[in-house]
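Chemist: Before I ask anything, here is the structure I am working with.
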Amino acid sequence: MRVLISNDDGVFAEGIRTLAAAAVARGHDVTVVCPDQERSATGHGLTLQTPIRAERADELFVPGVTAWACSGTPADCMKLALFELVKDKPDLVLSGINHGPNLGTDVFCSGTVAAAMEGTLEGIPSMAISSACFQWRQFQAGAELAVEVAEQALADQWPENLLLNLNIPPCNRDAMGPLRWTRLSIRRYDEQFSSRVDPRGRAYYWLAGEVVNDLESAGEGPRDWPSDVAQIHANSPSLTPIQPDLFWRGSLSGLPQLKLKDQLVR
């Protein structure tokens with residue numbers, strides 16, 4: 001199987017190298033196209049004002065991996081891979097393993113999820129994989145689980161337009177609880193910015209919010225599914241189905257009436 005892998009932590013990150021090695025160990029044909037440096041929290045941004053460069057980086061990975069380090073964002077990397085660098089269309093896109101969680105509504109700013117979403121938009125089964133702790137640096141168990149889940153999802157006829165978002169708790173495989181389907185949590189933060197003053201007396205800001213640990217809040221989905229945050233809190237891997245269609249799924253009668261002299265027709 002042809003597997004294309006990217007991330008947002010960059011080509012030197014241990015997570016992506018472990019994931020690529022796990023896919024090779026399962027007998028897959030692996031290509032990596034990922035940022036040449038840290039590109040975390042870049043969301044689905046694209047590079048439009050400067051050229052994008054790509055250099056071979058095979059030596060950073062296990063034998064059998066074809067690798068490119070790209071100057072762009074994770075979404076750039078995936079587009080460049082699919083339309084320029086990779087000869088044959090991949091059977092599977094994997095993005096990760098991210099060095100930190102991608103839970104709940106944080107997926108909207110995640111470069112890891114954006115790379116997987118690019119694959120989804122191009123009709124390729126795609127999965128984002130994240131280690132749900134910034135300090136945890138043992139990726140082997142998560143990499144093996146991710147490849148196993150992806151292989152089984154493909155065998156089960158992976159639906160079109162489905163992106164799988166896998167978060168893995170910070171523990172060894174034998175200490176993990178069971179994998180479960182989960183809903184996206186609603187993520188909120190306290191004290192979003194840290195304000196400081198430079199030597200010339202001008203204010204500047206660091207984005208430095210602390211996440212509110214809410215195990216209950218979650219969006220749409222079956223009520224008997226836990227939130228992804230609650231699942232990770234239980235030391236169990238979470239698997240959340242995501243789709244690119246953001247159309248409002250609430251009641252249409254609840255939409256604003258917008259009485260603008262018949263300018264809005266419904």
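Cβ from N, Cα, C; glycine included.
According to Swiss-Prot, the feature divalent metal cation binding site maps to Asp8, Asp9, Ser40, Asn98, an assignment based on sequence analysis.
Mind running through what each feature is packed against?
Modeler: In this structure, Ser40 (divalent metal cation binding site) belongs to neither helix nor strand by DSSP; it is coil.
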Chemist: So around the divalent metal cation site, Asp8, Asp9, Ser40, Asn98 aside, which residues have their CB within 8 A of the centroid of those CB atoms?
Modeler: Asn7, Gly10, Ala13, Gly15, Glu38, Arg39, Ala41, Pro74, Gly96, His99, Gly100, Ser110, Gly111, Thr112
Chemist: Around the C-beta of Asn98 (divalent metal cation binding site), how many further C-beta atoms are within 10 angstroms, looking at every protein chain?
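Modeler: Result for Asn98 (divalent metal cation binding site): 28 other Cβ atoms within 10 Å.
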Chemist: Taking 10 A as the limit, how many CB atoms besides its own sit near the CB of Asp9 (divalent metal cation binding site)?
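Modeler: Cβ-Cβ neighbours of Asp9 (divalent metal cation binding site) within 10 Å number 23.
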Chemist: Need the DSSP three-state call for Asp8 (divalent metal cation binding site) to compare against my parser.
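Modeler: In the DSSP reduction, Asp8 (divalent metal cation binding site) maps to coil.
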